[in-house]
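According to Swiss-Prot:
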type     : residues                                                                             : note
BINDING  : Val18, Glu39, Lys46, Tyr71, Gly85, Ala86, Ser107, Ala124, Ala125, Asn126, Ser149     : NAD(+) binding site
BINDING  : Gln88, Arg94, Asn126, Pro127, Val128, Asp129, Asp154, Ser155, Ala156, Arg157, Thr235 : substrate binding site
BINDING  : Arg159, His174                                                                       : beta-D-fructose 1,6-bisphosphate binding site
ACT_SITE : His181                                                                               : active site, proton acceptor
MOD_RES  : Tyr226                                                                               : phosphotyrosine
Amino acid sequence: MTSTKQHKKVILVGDGAVGSSYAFALVNQGIAQELGIIEIPQLHEKAVGDALDLSHALAFTSPKKIYAAKYEDCADADLVVITAGAPQKPGETRLDLVGKNLAINKSIVTQVVASGFDGIFLVAANPVDVLTYSTWKFSGFPKERVIGSGTSLDSARFRQALAEKLDVDARSVHAYIMGEHGDSEFAVWSHANIAGVNLEEFLKDTQNVQEAELIELFEGVRDAAYTIINKKGATYYGIAVALARITKAILDDENAVLPLSVFQEGQYGVKNVFIGQPAVVGAHGIVRPVNIPLNDAETQKMQASAKELQAIIDEAWKNPEFQAASKN
């Protein structure tokens, strides 16, 4: 894939709530010129129906070829986006999904690679950090071309929550959630700022915002998925738009800085896991990680989060079905 290619092709694997919402976001924002949607055989007609339904919006947006795809259609795609997986149920953590979704992930990645695909994988199925790692292993692709959605949605939730608390536009809030996309994630308070003004300084001019309120705010961000799942059964709109944003950064070779599941090679004392941190992303995938200088407490949280992910990966890879991939 090159940044000069004019016809941009995306293949979506998984046409559930997240996948179909992502497809709608691509159509609505005019991203890519071709979108193929892959589903399991028993749901193929749903993909056909969604492709038809989405095509009826094109007169209002921009031209795009949309169709129910097969794995061989991945061969010349720029980007394969994986949203397929068992959904998270009420009371279930993202890490509880590992066993079910690793098997699904292996089947998908094996078939995509067999098509001759040589683009970029973008993973959104949960637990996303673990499944980004498994996609890397099962594909044998360079780590730069395997990307997880990471903490992109968590960071957006954090920015929106701070914006509401401080009565400012969320686009003027610059703040990150790092670590696992899940229970061990953490807020990078030390570098949060409003239009370049450090949050601590900004709060000096803001009445009635106490530290306890900020802690509660973060907890609301961390637990947002559970809240939504308990109320409506699933989360999909926020992550769909996050995926569309990542897709645009890749297809347009933006070199945008986004918080993604990025392979760790010693930054923050962490190695051999994919975990959420900011990174520069463009047409060839991850250009480089952006290593925010965390304070000691934040560094410890990053290491603890990575340790949890590593334990899950180590346990999963005891399964003989997945051990062969470790040799890649």
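Each residue, glycine too, has its Cβ placed from N, Cα and C.
In this structure, His174 (beta-D-fructose 1,6-bisphosphate binding site) is part of a beta strand by DSSP. Other Cβ atoms within 10 Å of the Cβ of Ala125 (NAD(+) binding site) number 30 in total over all chains. For the pair formed by Asn126 (substrate binding site) and Ser107 (NAD(+) binding site), distance between Cα atoms is given as 15 Å, rounded to the nearest Å.
Ranking the binding-site residues Gln88, Ser107, Asn126, Ser149, Thr235 by other CB atoms within 10 A of the CB puts Ser107 at the bottom. Note: Asp154 (substrate binding site) has non-local neighbours Ile177, His181, Glu185, Val221, Arg222, Pro259, Gly276, i.e. same-chain residues 6+ apart with C-beta under 8 A of its own C-beta. Closest to Val18 (NAD(+) binding site) by Cα-Cα distance, out of the recorded positions Gln88, Val128, His174, Tyr226, Thr235, is Thr235. The recorded positions listed here are Lys46, Arg159, His174, His181; among them, His181 has the most other Cβ atoms within 10 Å of its own Cβ. In this structure, Ala156 is the one among the binding-site residues Val18, Val128, Ala156 with the smallest number of other Cβ atoms inside 10 Å of its Cβ. Put plainly, the recorded positions Gly85, Tyr226 were compared by Cβ crowding within 10 Å, and the winner is Gly85.
Ranking the recorded positions Gly85, Ser107, Ala125, Tyr226 by Cα distance from Thr235 (substrate binding site) puts Tyr226 first.
Cα distances from Gly85 (NAD(+) binding site) to the recorded positions Ala156, His174, Tyr226 are smallest for Tyr226. The Cα of His174 (beta-D-fructose 1,6-bisphosphate binding site) lies closest to that of Gln88, out of the binding-site residues Lys46, Gln88, Ser107. Of all the recorded positions listed here (Gln88, Ala156, Arg159, Tyr226), Gln88 has the Cα closest to the Cα of Ala125 (NAD(+) binding site).
The recorded positions listed here (Lys46, Ser107, Ser149, Arg159, Tyr226) include Tyr226 as those with a Cα within 10 A of the Cα of Gln88 (substrate binding site).
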